Every structure is written in structure tokens, then in C-alpha cells.
Amino acid sequence: MASQTQQPPHLRLAEITATQFIEIWKHFDMDGNGYIEGKELENFFKELETARRGAGVDPSHAAFKEKMKEFMAKFDKNADGRIEMSELAQILPTEENFLLCFREFVGSSSEFMAAWRRYDTDRSGYIESNELKGFLSDLLKRANRNYDEKKLNEYTQTILKMFDLNGDGKLGLSEMARLLPVEENFLMKFQGIRLTVKEFDSLFTLYDQDGNGYIDEQELDALLKDLCDKNKMDVDSTGVGGYKKSIMALSDGGKLYRTELEIVLCRDSAL
């Protein structure tokens, strides 16, 4: 978390490196909650306007507030009044924009879940640093980006710095999903209803109606509809279908075992 006494990083409008991107992010996301908002957002826009104009700006001026309103209308894709990491990637011209490379490789949440399954090779519920390196290598190849070992290591370390908040060298599913476009990050929809292990066990047992140890697509459909209804989530049948498709991408031949569903719905997973 950046200190308020630190000088802001120079917001150059030329290409910045992945490392510079994360330095800028961490400076302005001062409380480390994953968003640039409130006073952080005003400070960010002030520095951005200063970089563009080559001169200082007055945040109290009506013209500044109007420009900031236009800026948010353009870049705040989900209109929640704050900027998240994937939105910042659209604003700052990052070298070989590695966040946008990610989008080219994994454009939807179902593709993301399928990629997660490929690279979480030990089914731990996490991508560890060595698995992450393979994930990013494949990403860059698919996006037709040239890279060397040094650049790959830099990208791997940058992603870890972004999301490995406890420094254990591994990333959880919900952390990695923050790289997805806002509208595709279905995991954000479940943030308010993440279950305890006990609640999850009861739910899984209830919907594993035949007791075979896994949930199939029909059982998952019923589970998600009930979960959305009980928590008054405003989701139509199309939305539920999208969630189901994304989660089933984690399944083993149509069989969704307890561990796969647990990493999506359980807030204190025992994995």
C-alpha cells in the first residue's frame, strides 16, 4: 500500500512497462481494496490531466469536474463510480499491453475457467508461481507476442505483485478473475454470498441428489437458480445460463466435483 507522503509516479502517456503499471496502480489504490475510488480517483485524474497538459490543474474548478465526468463515462465500464485494474489497462498504454493480451486469450469467463483448469494442474484451487509462468507463456504465444525468458519472468512477478496479497507465491481463482473484463467476471456477482465450508457442504449434499459425489449440469442449474433467488440476485435465465457454462468449464467430462465448485462458491475453502 502506498504512503500518502510518496510522490506520485510519473504518468507518461508513452508506453509503460508492466512493472511501471503495477507501481502506478499500487500508488493510487492507497487502501489496497482493488479499486481507485473517491479521493484516490480524484488524485489519479489530476495526475493524468497534468501529464496530458504538461501543467498543473485545479480539482476544485468546474472544468476539471466536467472532464473527470467525461473520463468516467468513457472508462468506467460498469458505471460503479470507480476504476478497477482491467479498466486502468484501457487508460494507460502498457508495453505489449499484457492485460489486453490476457483478454485476447481469455475473452469470456467460460474460457477463463477452462484455462484455469488446464493450468491448475494439481487441482489445488490455486495457480502457483510455476503454473502461472506456463499460463502466461501460453497466453503470449496465443496473442502472437514475442517474448524472452526475462520478459516472461517480469510478467509472472508483476501478476504475483498484483494479486498475491499474502505473499505465498500462489493465486486463487477469484484473484486471477480480476483480469477479466468487468462484464465477464461472474465471480464478482457471488462476492456477497460466498459460503462457509459448513454451508457449502450442506448445499452440495442437497443438490448431489443421487449421492454420486459430483454435480451434473442439471443439478448445477437448480443450485444456481435457488442460490440467486434466495439472495435476491437480479439475474435472468440467460445470466444463470452464463454462470453455469463458466462453472461447468471446470468440470471433468460434465462431472463437477466438490473441490471445483468449492473454489467458486466457498469463501473459506479448506483447499
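Using N, Cα and C of the backbone, Cβ positions are placed for all residues, glycine too.
Listed features, source TrEMBL:
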DOMAIN    16-51  domain 'EF-hand'
DOMAIN    63-98  domain 'EF-hand'
DOMAIN    107-142  domain 'EF-hand'
DOMAIN    151-186  domain 'EF-hand'
DOMAIN    195-230  domain 'EF-hand'
Per-state residue totals over the domain 'EF-hand' (16-51) - DSSP helix, strand, coil:
25 helix, 3 strand, 8 coil
Grouping DSSP H, G, I as helix and E, B as strand, the residues of the domain 'EF-hand' (107-142) number 25 helix, 3 strand, 8 coil
Averaged across the domain 'EF-hand' (151-186), what pLDDT does the model get? Just tell me the whole number, please.
74
